[in-house]
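Shown next, in C-alpha cells, is the structure this report addresses.
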Amino acid sequence: MLASLPMQVYRSKFQCFLSLKSSPPIDKENKSGFLNNNNNNRRNPKRILKSPCFCFPDPSIPSQTTQNSVFDDSNQNPDASIYELLDPDFLSHSLRSCSTLREVKRLHAVVLKGFRNPVTFVDNNLISTYVRFGRIVDAERLFDGMRDRDVVSWTAMITAYSKTGMEDEVLRVFERMVEDRVVANGSTYVCLLNSCSRRSDFDLGRQVHACVVKGSWSNLIVNSTLVHFYARCGDLEAAFRLFDSMPKRDVVSWTTMVAACAQHGHGGESLSLFARMQREGVRVNEFTVCSALKACGESKDLKFGRQLHGASIKKALMLDVFIGSSLVGMYVKCEQVIDARAVFDSMPRRNTVSWTSMIAGYAQNGVAEEALNLFRRMKKRRILTNSMTVVSILSACGSIGSLCLGKEIHTRILKNFTCSNTHIGTTLVWFYSKCGEYKYASRVLKDMPLRDVFSWTAIISGYAQNGVGMEALGSLSDMMWEGVNPNPFTYSSALKACAKLEAIREGQWIHASANKTCALANVFVGSALIDMYAKCGCVTDASRVFDSMPERNLVSWKSMIVGYARNGLCKDALKLVYRMRAEGFKDLGRSHLGFGSDGVVSGQQWRSKKKKQQRFYRVPLGVSGRRWRSKKKQRRGDLGSAVEEEAAALVVARVSQTLENEGQSAAAERLQRTKTVTP
C-alpha cells in the first residue's frame, strides 16, 4: 500500500512535518493561529502532531481508520503514521539537495526517529553530506555507529579523509575495509590512487593497480587516475604505456599527460602531445592550455607560446585568470618581461598567482626594483600573499641588498606564516647570507624545525661566496652530523671555501665523501675539485680529476688551464688549449677563460718574480705576531692574485701567437682585444 501512495503525498507530509518541527515558540501574548497557548501542548509535542495540520482531505490519502489498520503501533506511537510514510529514496534526495548544515541535522534527526531499522544507503548519503559540509567528526561518529556497512560506506569515509588531506587515515580505513572482507570498487580505487599520488607512495599505488587489473575495474576514470598517479610519481614511461593502451581517452587523460611532461621538463614532448590531441579532434579546455603554456616556458618555445596567446584571444579565453597567469609565467621564463607585464596589465581579474608570477619574473630577470614596486602596489590593494610571493620578494631584496625591506618582510612572515615552511626559511637564510648578516642567517637556520639539504646549502654557499670559509666548513660538518646528505651544490660550495682557504686536507676529505655518492659525476663538483686542487698546488690531483670527468664544460677547461698557469706549467696549459679546441670548445675569449693578453712573461720570470715578492714578508717593529700574520695573509693574497694574472696572461699570449701562426686571425683578434686581466 505504501508503494501505491503518490510521491506528492510524501512530499507534502514531509514538508509539513519539517515546518512544524522548525517553527519558533509561540509568544505568550499571542493567542492566534492553529497553535494555542496551551502549556500541555508545548510540553507534549505528540499532542501537537494531532493538530489539523496533518489532516489531509485529499481523497488519494487513506483515511485515519485505514492508516490505523496499516500501522499496528499507531496507538503506542502517534508519530508512526508520519514516519512510516517517509520514503528513503526521497529522504536521500533531500539530503543531497541540502544547502545548510541546519537542514542536514534536521534530516538526521528525522532519520534517527523515523526508521526503526537503519537504512544503509540513507546513512551513506548522510556521511557524504556531512563530508560536503566539512563535518568529518560527525561523519566518523555516524560511520562508527553503523551496524551494516557496504562498499559505499567505506568509500565515503575514504573520500572524506582524502579530500581533507588525512592520508594516514585513508590507509587506516582501507586496512579496516580489507579486514572486514569488503570488496572495493572503482571509486574506492580512484580515492586510493589519488592518496598515493599525494604521498608519492609508488609501491602502494602499483599494488592498487594490480587490484584494478585483477578485479577488471578498468574504465575511463580509473585509467585516467592511474596515468595521473604514474606521472605524479615520475614514472613517465609507465604513464605513457598506460595512456597508449587506453581504448578511449577524454580531455582529462590528454591534459594529464601534457601537464606531466611539462612538469618533468619534457616541454617538447608536451607540445607534441598537445598537437596530437588537436589532430585527433579532442577539444581542449583551460587546464590543457595552461599546461601547454607551462611547457612553452620550460622549453623556451616563445613562438609556440605566442601562437597559444593568439588562439586564447580569438576564443575569448583571456578572461580566465588561470590562463592569464600562465601567459605571464610563460613570457617570464622566456625572458620577455615587457610582454609579461603587458599581459598582466590587460588582465581583467588578477589573483595572488598573477601578482606572484609577475614579481617572480622581475626578480629572476634582474629587475629587482620593479619587483619591489609591484609588491608595494600589491600591499596597497590588500591582496593576500602566499609563500611563493614571499620567496620572490626576498630574492629581489637579496639581489639588490635591500636589508631593511627584507627585515620588514621577515616581520610579516613571523606574523602571518608558520615557522614550519621550509621554502621561506631557506630563502631567509639565503637572503641574510647574501647581505652579509651571518648572525641572522644562522639564527634563522637554527630556529627552523626542519632543516633540509637546501637550507644548509644556502648558508654554506653564502659563507663561501663572502670569504668566510671556516664557517662554511663548520656548517658542512654540522649538516652531516644531523644526518643530512649533501647534494652536488653543497659539495661545490664547500670546495670553493676550501680553495679560498687553501685547505687541502679538508678538500681531500670532501673529495672522498663525494666519491661515495653520485655527486662526483656532476660537472660543477668536478670543476670545483679541479679549482681547489690547483689553488692548493696539487696539479697532478687536479689533472687526475679532470681526466676522470664524464662530462666537461667551459668552466672545467678554464679551471684546469688556469690551474696549470698558476703553477707555472705553461706548456701543459698550451697543450690543454689545443685539446680543448680539438674537442669542439673553440671560444678562448675573456668571458670564458677570465684573463687577457696584455702582459707576456716567461715561466722563469714568473718564478723569479714570485721569489722577489716573498722578500717583503718581514715583520715590522711594533706589530704583534697575530696582527702581522693576518696582514701578511691579506698581502700574500693580493700579490698572489697579481702573479696568477700574469701567469694567465702568459698562457693567452702564447695561444694568441700560435693561433696567429696558424692563420686563425679571427680568434687572435678576439684574444688581443682583451685589455683587462681577471682570474
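Using N, Cα and C of the backbone, Cβ positions are placed for all residues, glycine too.
The shown structure was predicted, so the numbers you read here are calculated from the model rather than taken from an experiment.
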Give the range, chosen from 50-70, 407-427, 659-679, that TrEMBL lists as region 'Disordered'.
659-679
Which residues of the same chain, at least 6 past either end of the repeat 'PPR' (150-184), have a Cβ under 8 Å from a Cβ in it?
120-121, 123-124, 127-128, 131, 134, 136, 139-140, 143, 191-192, 194-195, 198-199, 204, 211, 215
Per-state residue totals over the repeat 'PPR' (351-385) - DSSP helix, strand, coil:
26 helix, 0 strand, 9 coil
Per DSSP, what is the helix/strand/coil residue tally across the repeat 'PPR' (150-184)?
26 helix, 0 strand, 9 coil
Over the repeat 'PPR' (452-486), what is the model's mean pLDDT?
87
